[in-house]
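One structure is given here, and the rest of the page talks about it.
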Amino acid sequence: MGSNYFNSLNFRQKLIQLRQCTLIRKEEFSETFKILKGKNIVIVGCGSQGLNQGLNMRDSGLNVKYALRKNSIISQRSSWKRAIDNKFLVGTCEELIPTADLVINLTPDKQHEHVVDVLQNLMKKNSILGFSHGFNIIEFGQKIRQDITVIMVAPKCPGTEVREEYKRNFGVPTLISVHLDNDCHNIGLEVAKEWATAIGGHRAGVLHSSFSAEVKSDLMGEQTILCGLLQTGSVLCYDKLISQGHDCHYAVKLVQSGWEVITESLKHGGITLMFDRLSNTAKIRAYKLSNDLKKILSPIFKKHMDDILSGYYSKNMMLDWKNDDKQLKIWRRSIQNTSFEQCSISHITLLEHEYFENGLLMVAIIRAGVELAFEIMIEAGIKEESAYYESLHELPLIANTIARKRLYEMNLIISDTAEYGSHLFFQSAFPLLQDFMNTLEHGDLGNKMLDQAINNVDLNYINTTIRNHPVEHIGQKLRRYMTNIKQINCY
């Protein structure tokens with residue numbers, strides 16, 4: 001096992017890297033591709049990110065090939081089929097890597113140690129190695145040959161959305177970075193900008209970040225609000241609805257589709273718009289519930305952040321990798337056996353407003369999780385831009401996966417790294433929230449809250465507090481780059 005790169009830095013260096021996150025002006029991007037045009041680009045791996053980034057890059061006029069394992073080619077596995085069906089040239093690493101100018105490693109995190117060792121031995125002098133997640137560099141601490149430039153382009157969404165937004169002549173917000181230990185030719189940033197442009201990221205906003213900031217914020221977001229809290233909230237809300245006597249198909253429909261419908265409002269107006277979709281009475285109640293949830297969940301969120309920063313989380317997960325994912329598989333089976341996952345498909349139709357009216361608790365969970373994750377990342381030294389993308393921005397995208405095939409789909413789409421952290425969060429949060437669930441009132445979940453007399457002073461205070469939260473301010477700034485973002489008819 002390598003030596004954790006982040007832990008090798010002194011305190012000052014850690015803060016500098018965590019705080020690295022600057023929005024790049026649109027004028028700095030060009031679709032002429034002065035560096036990458038005509039260059040030989042090889043993507044290693046053809047999963048969701050690999051395929052869809054490659055399609056976008058080819059449509060942008062770049063030369064893209066795929067390097068796969070020999071067994072994958074001989075056995076004609078799904079990765080080979082995806083590449084061939086889309087008319088890409090496919091070969092082994094031994095065949096394609098020695099002549100590549102840019103090698104993009106888009107294999108799963110747990111394979112990086114071996115894959116990167118193979119790539120380094122094959123890459124030509126002064127070539128470029130790219131990643132879309134910095135886990136291997138930061139947490140495992142793998143050393144890369146000094147003549148190789150190491151860069152990262154990390155789209156802030158699943159690979160399918162990278163492609164869909166590109167086809168709409170738009171893109172998805174993207175983080176780019178250059179590994180400070182591997183930029184001897186001082187070309188890393190310009191190459192990363194061209195790669196980000198080739199996949200359409202420049203149309204939605206590109207942030208110049210660091211490997212450390214991307215990894216630490218990404219791990220925190222996916223473990224807590226993005227995956228961990230949605231998974232915990234799904235099981236808790238479904239079980240509560242059943243205990244109240246609701247039909248299982250109504251319960252599963254409200255929860256499974258509710259996350260997607262409710263978080264759709266976040267894309268266009270943040271938490272402010274989400275709360276504005278509630279009646280005044282419901283807004284006051286949701287505000288109280290979300291504050292209660294923040295107090296309960298704060299210690300868990302802080303522990304996850306602390307363990308991510310120290311490397312304790314990654315160390316334990318990598319030990320589980322070496323144990324054939326034993327713990328991950330146990331947790332995975334446990335979630336698959338929950339009543340929420342086992343309920344048959346629901347054919348009930350609910351109108352959009354019913355999800356807000358009957359899912360008040362879900363609104364409260366979302367606000368609590370987004371604000372808490374954002375606040376704790378800021379406390380840790382992470383910049384507001386990074387914290388926003390890893391708390392609020394990606395939430396609707398993860399909710400979309402639950403709407404398709406519940407938690408099974410979410411855990412299938414996200415990385416094993418994200419899934420491990422999500423299950424770890426569930427183990428702590430689920431039992432901790434049991435007492436809270438027993439305090440819920442009629443109208444909090446499954447039933448519409450009856451309107452009551454409103455205190456204008458209280459309502460004004462709540463509206464002002466929500467709108468003035470830092471996540472709302474930075475959200476307004478960053479969403480200006482996403483005015484063309486598509487609206488999903490998700491109910």
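A Cβ is built for glycine as well, from the same backbone N, Cα and C atoms used for every other residue.
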- Task: For the Mg(2+) 2 site, Swiss-Prot lists Glu390, Glu394; sort out which one of Asp183, Asp218, Asp239, Asp247 goes with them.
- Result: Asp218
- Nonlocal neighbours by CB distance (under 8 Å) for Asp218 (Mg(2+) 2 binding site), same chain, sequence gap 6 or more: His133, Ala154, Glu390
- Task: Within the same chain, and leaving aside Asp218, Glu390, Glu394, name every residue whose CB is within 8 angstroms of the centroid of the CB atoms belonging to the recorded Mg(2+) 2 site, in sequence order.
- Result: Lys156, Ser217, Met220, Gly221, Glu222, Leu226, Tyr389, Ser391, His393
- Query: With every protein chain in view, how many other Cβ atoms are within 10 Å of the Cβ of Ser415 (substrate binding site)?
  - Reply: 19
- Item | CB contacts for Ser48 (NADP(+) binding site) [other CB atoms within 10 A, all chains] | 18
- Taking only the binding-site residues Glu222, Glu394, Ser415, which one has a CA atom nearest to the CA atom of Lys110 (NADP(+) binding site)? Ser415
- Anything within 10 Å of Glu394 (Mg(2+) 2 binding site)? Look among the binding-site residues Arg69, Gly159, Glu222, comparing CA atoms, and list what you find. Glu222
- Message: Just checking a number: largest C-alpha distance across Cys46, Gly47, Ser48, Gln49, Arg69, Arg77, Ser79, Asp109, Lys110, Gln111, Gly159 for the NADP(+) site, rounded to a whole Å.
- Response: 21
